[in-house]
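Data block below; observations after.
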Amino acid sequence: MNPVIVVHGGGASSISKDRKERVRQGIIKAAEVGYKILTEGGSAVDAVEGAVAFLEDHPEFNAGCGSVLNVNGDVEMDASIMSGKDLSAGAVSAVRCIANPIKLARLVMEKTTHCFLTDQGAAKFAAAMGVPTIPKEQLVTERNIKRLEKEKNEKGALKLGFQQDLGTVGAVALDCKGNVAYATSTGGIVNKMVGRVGDTPCVGSGGYADNDIGAISTTGHGESILKVNLARLTLFHVEQGKTLEEAADMSLGYMKSKLKGLGGVILVSKAGDWAVKWTSTSMPWAAAKDGKLHSGIDLHETSVADLP
């Protein structure tokens, strides 16, 4: 199989001009990181973990360093990863003070008999696995301190906020052996209640991977995505014979009409086709296949370049 990777940087209401180029370069670099892993013989799981870890380390994205802040001004992060080969999955939620929640999610998948660890349990497991802790300040950016202040100052912001803050990062990949995988990671939504968990760590909502169908990673309003099981719903439509684009349009349209929930998805099929779709204003994305890199942020805007 010719390897494929697709990455997203989260649905967004709009991205300011000064940030746009940094976001664009970040998402392109993440795709290049993942594609390099694939072309050097790495697995789909290796590739999605590598791409998402890169975005967690990038301060412009709402995951890892750059995560948005909860009502107390703290970072609480969620992540999940899944291998389509055997449906093995790992997830963590309400994680603090570690750089890369996606790496911890993979350890849950590979080193425990469980799928999902949360909060203190996840922290104890991380320590047992030798994952270093970092000061919480290292995850907090000046931009997110200001965003929290703005959110708290705007009346009714909690009601409106879900249309503004849809940031998550994610990746899907197909490796040369025909295995698919997904990874998704997020800091959640600005001014969220302590302990709030969205779709990102929930297998079937934040993503899904099955070698018999394909892989998907989602982004958007977490509560809406959870209610419609967006990832598995989209792949169900693929199983029913829809194209990736048709499946994505159907599931995102259903979520929007039923719940007014906005979001986006990235998909790769078992045959190596890929698709990106969103109903939010924009969604930074990049896809690498056959030596070509496709990328975009806004609707109807795609650039194609040769990979280095």
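Backbone N, Cα and C atoms are what each Cβ position is placed from, and that goes for glycine too.
Automatic, uncurated: that is what TrEMBL annotation is.
Model, not experiment: these values are computed from the prediction.
Neighbour density for Thr168 (active site, nucleophile): within 10 A of its CB lie 36 other CB atoms from the protein chains shown. Positions annotated as active site, nucleophile by TrEMBL: Thr168.
The local packing around His221 (substrate binding site), expressed as other Cβ atoms within 10 Å of its Cβ over all shown chains, amounts to 26. Among the features that TrEMBL reports, substrate binding site is placed at Arg196, Val197, Gly198, Asp199, Thr219, Gly220, His221, Gly222.
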Rounded inter-Cα distance in Å - Val197 (substrate binding site), Thr168 (active site, nucleophile): 13
Gly198 (substrate binding site) versus Thr168 (active site, nucleophile) - Cα distance in angstrom: 11
Number of other Cβ atoms within 10 Å of the Cβ of Gly220 (substrate binding site) across all protein chains: 29
Close in space, distant in sequence - Asp199 (substrate binding site), Cβ under 8 Å, 6 or more apart: Ser205, Gly206, Thr218, Gly220, Gly222, Glu223, Ile225, Leu226, Leu230
